[in-house]
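Sharing the features that TrEMBL gives for it:
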type     : residues               : note
ACT_SITE : 27                     : active site, proton donor
ACT_SITE : 161                    : active site, nucleophile
BINDING  : 88, 108, 142, 143, 144 : substrate binding site
BINDING  : 140                    : Mn(2+) binding site
Ligand code: PSU
Ligand code: MN
């Protein structure tokens, strides 16, 4: 396959590749389905600036008119944040969305796929999908986990939120050989709060250590990604009682309304935001910024030691 048959690189990303800079992938589901307008676009732009200021190049990924965009310009970002009919594309959705020339935001899974096609090794987001609560009966297990098992892209996140069953998610990742690294912490962070009560697999303290780990993993042919779980800064973390109550109520409502499939995560995120009067959104934005800082540094370190 000729890459240009499907992929469009933005001028900025093209330039970055030419200048031999580290590139950092960013997803778009968080823009189109994870946050309301206009905070979504504002956040996306700020995340890109943080990455640029650290000397790496941001590449936000989305599907526009069936083209895989590696890097979005301002107009594209605005479109992804404002337009109502943007689909949500995970792995299974890509073939139809691309062949039918549709518009779609990419999830963690499909962003990993596109980043990998573009040769990008580090990807920054807020939170990944996982095994949902009750997943042992519903089989609601995000395709993100399978992607982490097979695609060589590292994902920097703030851990997983308790709309998921964190223990089942960790078990699943263990089975599929995906390392879950606590960045500067022994504990798996729980997205809105720093603590989950669950241990991460390993604690690594610096971007360099993470980069060295990734190099070893991929040098040895150990396919798949890794989760670099970076706790939300203390000052933005939420009281776990308040956030857990909001999560419980949102889960109950999703149940009553019979929400299933790919609607579940966006529904829960938006409910939680309403139930916390926007506090969860504030935390969500800040944790993404914090992940962007760590992700850019990891990408730079990895770029230095990659051939
Ligand atoms: N978790 C968040 N914010 C998000 C998502 C997850 O805190 O925006 C998005 C990501 O794009 C993730 C997707 O890949 O939801 C997972 O959806 P599902 O559970 O349907 O696989
Ligand atoms: Mn699901």
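Heads up, residue numbers simply count up from 1 along the chain you see.
Cβ coordinates are placed from backbone N, Cα and C, and glycine is handled just like the others.
Note that this is a predicted model, so its numbers are computed, not measured.
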Just report the maximum Cα pair distance in Å for the recorded substrate binders 88, 108, 142, 143, 144, no decimals.
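Those residues reach a largest Cα separation of 13 Å.
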Enter the number of other CB atoms within 10 angstroms of the CB of residue 143 (substrate binding site).
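Other Cβ atoms within 10 Å of residue 143 (substrate binding site): 17.
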Could you tell me which of the recorded positions 88, 108, 161 have their C-beta within a distance under 6 angstroms of some atom of ligand 2?
none
Count, for each of the recorded positions 27, 140, 144, the other C-beta atoms lying within 10 angstroms of its own C-beta, and report the residue with the smallest count.
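Each of the recorded positions 27, 140, 144 was scored; lowest Cβ tally within 10 Å is 140.
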Within 10 Å of the Cβ of residue 108 (substrate binding site), how many other Cβ atoms can be counted across all chains shown?
28
Around the substrate site formed by 88, 108, 142, 143, 144, which additional residues qualify by having Cβ within 8 Å of the site's Cβ center?
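The surrounding set, listed in chain order, is 29, 90, 91, 107, 109, 110, 128, 129, 145, 147, 265.
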Counting all other Cβ atoms within 10 Å across every protein chain shown, which of the recorded positions 88, 161 scores highest?
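Neighbour-count leader: 161.
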To the nearest whole angstrom, what is the C-alpha distance linking the residue listed as 'Mn(2+) binding site' and residue 108 (substrate binding site)?
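On Cα coordinates alone, these residues lie 16 Å apart.
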Taking just the CA atoms, what is the gap between residue 143 (substrate binding site) and the residue listed as 'active site, proton donor' in Å?
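One finds 15 Å between the Cα atoms of these residues.
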For residue 88 (substrate binding site), just give me the three-state DSSP call.
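Going by the DSSP assignment, residue 88 (substrate binding site) falls within a strand, counted as strand.
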What is the Cβ neighbour count of residue 142 (substrate binding site) at a 10 Å cut-off, with all protein chains included?
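Residue 142 (substrate binding site) is surrounded by 25 other Cβ atoms within 10 Å.
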How would DSSP class residue 144 (substrate binding site) in three states?
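Going by the DSSP assignment, residue 144 (substrate binding site) falls within a helical segment, counted as helix.
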Round to a whole number and give the Cα-to-Cα distance in Å for the pair residue 108 (substrate binding site) and residue 27 (active site, proton donor).
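Cα-Cα distance, residue 108 (substrate binding site) to residue 27 (active site, proton donor): 6 Å.
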